[in-house]
Amino acid sequence: MPKRTDIKKIMVIGSGPIIIGQAAEFDYAGTQACLALKEEGYEVVLVNSNPATIMTDKEIADHVYIEPITLEFVSRILRKERPDALLPTLGGQTGLNMAMELSESGILDELNVELLGTKLSAIDQAEDRDLFKQLMEELEQPIPESEIVNTVEQAVAFAKRIGYPIIVRPAFTLGGTGGGMCDTEEELRQIAENGLKLSPVTQCLIEKSIAGFKEIEYEVMRDSADNAIVVCNMENFDPVGIHTGDSIVFAPSQTLSDYEYQMLRDASLKIIRALKIEGGCNVQLALDPHSFNYYVIEVNPRVSRSSALASKATGYPIAKLAAKIAVGLTLDEMKNPVTGTTYAEFEPALDYVVSKIPRWPFDKFEKGARELGTQMKATGEVMAIGRNIEESLLKAVRSLEIGAYHNELAELSHVSDLELTKKMVHAQDDRLFYLSEAIRRGYSIEELQSLTKIDLFFLDKLLHIIEIETALESHVDNVAVLKEAKQNGFSDRKIAALWGQTEQAIADFRRANQIVPVYKMVDTCAAEFESHTPYFYSTYEVENESNVSKKPSVLVLGSGPIRIGQGVEFDYATVHSVKAIQAAGYEAIIMNSNPETVSTDFSVSDKLYFEPLTLEDVMNVIDLENPIGVIVQFGGQTAINLAEPLTKQGVKILGTTIEDLDRAENRDLFEQALQELAIPQPPGDTATSAEEAVVIADRIGYPVLVRPSYVLGGRAMEIVENQKDLEDYMRHAVKASPEHPVLVDSYLLGQECEVDAICDGETVLIPGIMEHIERAGVHSGDSMAVYPPQYLSQEIQATIADYTKKLALGLNCVGMMNIQFVIHENRVYVIEVNPRASRTVPFLSKITGIPMAQVATKAILGEKLTDLGYQDGLYPESKQVHVKAPVFSFTKLQKVDTYLGPEMKSTGEVMGSDYYLEKALYKAFEASGLHLPSYGAVLFTIADETKEEALEIAKRFSAIGYSLVATEGTADFLAKHQLPVKKVTKISNPEGETVLDVIRNGNAQVVISTMDKNRSSANQDGFSIRREAVEHGIPLFTSLDTANAILKVLESRAFTTEAI
């Protein structure tokens, strides 16, 4: 059926900020969909609150609204734009839930807006646990025995009837939020209570556990003519019981017989047809390893994390085609853009193995609960492609950037057998490494299979890797064994360790013996038809399919997996850099390992290498392509860390040179540069031991900020108040040494702000100054940022601009740089300089209209800023006020303290813009999911040193009609100042109503909790209070500056009511 002509204007809903369970895959899907609709001639309106995405760039849609995805704001935009139709299936769970809410509010009927893609009834049938169960019964598709419950007691009664273990799955939540596996009644009560609270419809499905079955996924597409195909099927390495987003996954499936494959394929197609979904859909199934019995676990009636993986694994652009299906096109009418000859109804075939490994944030949250279950915890993922499982898996392991170049972690050699067994049975994020260690110790794969229920086939592949290790050890310098190791994904570094040689020696020996990788094309059809996609992976075979062009090329290094501290902002900068390289007439080549992002869409660059970002893998591409140089400024710390080793290999780094990068990162050189430029910085020094740190701190005075050198996202950074805490930090948080010194700085309390600048060696363009709402001490990525500055005097702004210019020219910066300042007692100090793109680039680019990464790339390639139409100094400010607010994923990460400090904890960001600061703040809070009631109770639990300041805030809350509740010390203090306050007891002293009861019973609408600097039981109480607030979805502020910002909003919305 040809595309519809009765609709002209379509609204697309994005997925909002990046959180665990909903990451960059929706930026990729949404960008593809908007462009596909524009290609077909429709007018596109986009609503998304996330400024860090390519999707919210002006050119992606005809009308781009960076506004909160809430009923209030989306309704307003619908009334203003009057679209004919709405496409919600590309905005993840956020988009689906918003569509349901809009429909229930009646506005879609009122404005006559049609829902495209998937009907509401289908969303309901797939998402509402009860309706889904009924549909499966009608289709005679088996589902685990289960019951829908609305209370904890109903859940307990069902469990008593069918026995434990059982699984709790809340309705309409994302990434398994609030769900979990229960072995006892006590666990069930706790998880069911939490799950019912987090489900927007207070409904959970309690089902018999089928943990241990094989977990299989099918990614399917259907059109309005009822054509349906399987794009890709995938098999989880981990059996049922671990969320698929936290599982290692292989595509295509590896252990299914043809009969099993066809049986599950038929079931998946039957389901998508019954739901009448038009577009993409993901079906998850559980297969009994000992029979042909299977169960349908769940269906996602939308584009998902798995469809991004399936798109990158096959090259088949699911989101693009789903958008076109939504407007009436059919699979047999659309060409597959990969081959350009076959039609989209042709099922992709793979002649390689794809593996995906999740990337977890536990390097940031050492105290976080690492056990994996049905609730997702990974922030991102990596993908690798190889000719066999071993090669694919080992390439994925080294893509993770966790310091592992092979499936082993050195520290596991000290673990006892008992501990090893425990960690394999109760899976954590590092189970793969424990399994490998067990095989090295001589456990049989049959033993491991009975402990973990992982298929013998996969365990045998791990065994094969370890057999090759043994062969390498006993055959040093043997070319045949070396070749076998390389064909199975071994890194030069691992072989070097086994042969007692250097990595360079192995690389030289390998090249001397003609053992070099070739690059194969990802073509969706297993080479059955000719195809010309510029999308490649490496393998050790004979024929190379990547032809080097005559045109000079530039290699851009991507930023790898999404993790805390290095998010989608860096992918945004990478994509823009590529556009500028192409515009300058060069061939742009991207290397990256993240399947979720826009940068790894093969249509973005001239050539895409889907490879790990390690020195060996990058050098292999450089050896083949011979680019004029490499750009490292846009790939975060991942790319910057490769600058020095690449330079040593004779590779040209474009932009700021490695010597100048080092002057910004190396403490002594940086101090020297600042002294020469006469720019002040907080007093401090470098310590190579704990004793030295104490001496420095005594000299400059407490509090001090301590951190290791060369970090991103403030890893292991702390503010320390006294000598005992400093010794404690030096012992536990860092291993100081002459090679890895620790920086000890005087901690200056003051207003913090930051600047992004672009320099071409002569002119310094400063797009804007961003002022942080939280004082120095909260990581810049976790602070709310305001542009243009609201409280900085013209004089201070001039000083900041002057220092920025001096630094950019003094450090010979070419390209981007980011500088953070603190204003202490009316003096400007430099805290740090990052000679690369920072996470604020997309935010500032959107509001100033300067495509910063493109302009910086042009400067890197030798163009002058004045020729591009830019002047020296600060760019004129915009009329509106823009607020960038962080978004956290604490509900998914148990046992993590939500207190904000110098170590970054947020996973995403939103933006609020308006002509008044208060309105922009309101939008930012709304967009970040903090919905503020206009009345209710505020719970205060305040550390002694901030009580005076908190008093002012309490007075203002009281003045606009809030009641005050506080823990003992705080309540006495407020009462002494004549404020009406209700006192509650501490946790450690449970007489009467405790502070936790107040939160649990819904008697606090806002919680303000500051941390006592001298760590005692007060802090343990504080931790419990903060966790309780997060788990009950109550707005929590750990900084009085943020509370002050909230008050501004509430006061601006409050009216005075007084009797005459």
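Just so it is clear, glycine is given a Cβ too, placed from its N, Cα and C backbone atoms.
Swiss-Prot names R707, S746, L748, E752, G777, V778, H779, S780, Q820 as ATP 2 ligands; from the candidate set E721, E762, E832, the record adds E832 to that same site. The binding-site residues in question are I242, L748, and the one with the fewest Cβ neighbours inside 10 Å is L748. Around E832 (Mn(2+) 3 binding site), the same-chain residues at least 6 positions away in sequence with a Cβ under 8 Å from its Cβ are I819, Q820. When the C-alpha distances from E298 (Mg(2+) 2 binding site) to the binding-site residues E215, R707, H779, N834 are tabulated, the minimum falls on E215. The least crowded of the binding-site residues N300, Q820, N834, judged by other CB atoms within 10 A of its own CB, is Q820. Comparing the binding-site residues R129, K208, R707, H779 on other C-beta atoms within 10 angstroms of each C-beta gives the minimum for K208. With the fewest other C-beta atoms within 10 Å around its C-beta, E298 stands out among the binding-site residues E215, E298.
If you average pLDDT over the domain 'ATP-grasp 2' (671-861) in this model, you get 90. Rounded to a whole number, the distance between the Cα atoms of E215 (ATP 1 binding site) and L748 (ATP 2 binding site) is 53 Å.
When the Cα of R129 (ATP 1 binding site) is compared against those of the binding-site residues N300, R707, G777, H779, N834, the shortest separation belongs to N300. The ATP 2 site in the record is lined by R707, S746, L748, E752, G777, V778, H779, S780, Q820, E832, and its two most distant CA atoms lie 18 Å apart. Applying an 8 A CB threshold to same-chain residues 6+ apart, the list for Q284 (ATP 1 binding site) reads E215, I216, E217, T244, V296, I297, E298, V299, N300. Look at the domain 'MGS-like' (930-1060): DSSP puts its residues at 60 helix, 22 strand, 49 coil.
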